[in-house]
Number of protein chains: 2
Amino acid sequence: MSRVYNFSAGPAAVPVDVLKKAQQEMLEWHDSGMSVMEMSHRGKDFISIAEKAEADVRELMNVPENYKVLFLQGGATTQFSMVPMNLLRGKDKTCYVNTGAWSKKAIKEAKIHSNVHISASSESTNFTTIPAVDSWDVDQNAAYLHYTSNETIGGVEFHSIPDVGDIDLVADMSSNILSREFDVSKFGVIYAGGQKNMGPSGIALTIVREDLIGNVKAGSPSMMDYKNHADAGSMFNTPATYSWYLMGLVFEWIKEQGGVSAIEAQNVRKAEKLYAAIDNSDFYANPVELTSRSRMNIPFTLANAELEGLFLSEAKSAGLVTLKGHRSVGGMRASIYNAMPEEGVDALISMMAEFERTKA
Amino acid sequence: MSRVYNFSAGPAAVPVDVLKKAQQEMLEWHDSGMSVMEMSHRGKDFISIAEKAEADVRELMNVPENYKVLFLQGGATTQFSMVPMNLLRGKDKTCYVNTGAWSKKAIKEAKIHSNVHISASSESTNFTTIPAVDSWDVDQNAAYLHYTSNETIGGVEFHSIPDVGDIDLVADMSSNILSREFDVSKFGVIYAGGQKNMGPSGIALTIVREDLIGNVKAGSPSMMDYKNHADAGSMFNTPATYSWYLMGLVFEWIKEQGGVSAIEAQNVRKAEKLYAAIDNSDFYANPVELTSRSRMNIPFTLANAELEGLFLSEAKSAGLVTLKGHRSVGGMRASIYNAMPEEGVDALISMMAEFERTKA
């Protein structure tokens, strides 16, 4: 078949221009005589690729000079551990906000290292809301407060950065980094797995304020210490070179689209039209409270759940794939990250309307 | 320029047929409509890729059924920590053999978690030998004995598996896995980073006997526990999917070459002819004791060190690159892993002879 519109929650669609560039350079990068994946990470060619990727993401996110940008292995799940192991600084207590499946995983991991205080939770609404920030119970003596800026399963998203006072703010931005503008200076640590808005899995981006580096818990493996990675320019061990290169191609592509503000405008448009199609139908429904809806992951149900299998097969015939919802929520889910073109969303909306008209 | 012969120690040359296959499938894998890097790791397409890679490496290495094969992130450096964190099983002491730079890194990391006893060391010969196994001081009450089966910097290699009695044997095979036959049943754990004989960096293969799984040290991050990865088929978190796929293509390529025994015969031939060229010259020299010489990494010096720069530039003109030796050893180093064709070694030998004839 030809290329489809892929609504996977992650690993997810990659911009086709990025894939074409990678394809073109696969056997030989520029005049190096070799593929990027064959290059020594200590050689000048790979160093130039690595440095350009860092410079581009610093420019795209307007990262202040007193923050390190790290390209690490092990995904967000490793960051779930590295955050408490590096940020406790002798304290015992941490604050977490629970907005769904990914928050819960971060909390579970933090409990291995700290006394976790849940500052707020939307469990009582079955994770269909973002708890109002003025209701949060933030212990200013905790080491930091952690939240998940977008939840891929529930489909909820923070639409502003919570003001939590003087405590260091940590965000898992795995599923909405680079999809909207963020003021990095408001955070102690930002981290994100690569496989949603930055390219392949197997590489994570961590942005950490310099004063938070150098305090790893005694007895931690060297790989868990931000300082080792920061001091070595993310080459404390052999980095995931090819994934780093692919991430750099995605950063270039975002710049070509006009940067994060232009991408954000596209994302607003894509999400608004899909939500409108759902809301204007009696057949489709999204359970999330209006102001908490995610621009990235849009779960929706069919009025008749018995038609789900037929919906998926009709969608696939129309070149629209990976729409099955997460088992814990059911129904459908359209993940529409940066790389999903507006035409893909339009095609989904058309197919949904046609399905409702003919099969509902 | 056209493709070169790349003698990098790692990341290193990848078989050109593997790169061509990856290039061809970059925009669309089979009839999936998407690149492998865009696939959900939970979907049937990626699962088929992952399972085939595991089946192929099990076949290639003749892995017994009571061993798990794990595809992990974080490279060998993360395994330096995971080995003691999982294998101590309440013990305090571990045994390590020190044959060079990589052994030392493993030892440094193990000291964070255990009382390391050095069973043998070749430091007194400046790491140009492998200590005779009958001289090793092995404490049978230690949790395990660890050695590095090939050292990329010193260029020494074990040519048989050491018999250490009943203690569990652990090997870092990063630089010679799949280059020669190993009897996996003699090991408790084998691990290797991907970027020398298996493809890209950013993925490590760990082969662990099942009875050694499930004993992680209390307080360890979940990502450091072999059990979590084993129970989830290496999908405890989102794996490095594209790197896993590339590794699978390398496994297919090795099978097409006739398997490990055929690759080993090639490797013996390649190494023997390069060592012969060095030994038969008064201009080039290799410092390693004859029976300890590596088939993978061949360091050599020039009688006149002032000619090193000229040698490297003449080599580059001949399409032979990344030959500069590690700074700690100096001189040159030719890394000739599985993916280096015999013609590449022949081209290097010709260039060396011509250089000696005209410039020495």
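Yeah, the Cβs are placed from backbone N, Cα and C, and that goes for glycine too.
TrEMBL entries are annotated by machine, without manual review.
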Pyridoxal 5'-phosphate site partner of A:Ala76, A:Thr77, A:Trp102, A:Thr152, A:Asp172, A:Asn237, A:Thr238 (as recorded in TrEMBL), chosen from A:Gln195, A:Gln257, A:Gln266: A:Gln195
Subset of A:Arg42, A:Trp102, A:Thr152, A:Asp172, A:Lys196 (recorded positions) with C-beta under 8 Å from chain B: none
Among A:Gln195, A:Thr238, which are binding-site residues, the residue with the most C-beta atoms within 10 angstroms of its C-beta: A:Gln195
Neighbour tally for A:Asn237 (pyridoxal 5'-phosphate binding site), based on other Cβ positions within 10 Å of its Cβ: 21
A:Lys196 (N6-(pyridoxal phosphate)lysine) to A:Thr152 (pyridoxal 5'-phosphate binding site) - Cα separation in whole Å: 10
Taking residues A:Ala76, A:Thr77, A:Trp102, A:Thr152, A:Asp172, A:Gln195, A:Asn237, A:Thr238, which bind pyridoxal 5'-phosphate in the record, the widest Cα spacing (Å, whole number): 31
Cα distance (Å, whole number) from A:Arg42 (L-glutamate binding site) to A:Thr152 (pyridoxal 5'-phosphate binding site): 37
Distance, A:Arg42 (L-glutamate binding site) to A:Ala76 (pyridoxal 5'-phosphate binding site) (CA atoms, angstrom): 26
Other C-beta atoms that fall within 10 angstroms of the C-beta of A:Thr152 (pyridoxal 5'-phosphate binding site): 26
A:Arg42 (L-glutamate binding site) versus A:Thr238 (pyridoxal 5'-phosphate binding site) - Cα distance in angstrom: 9
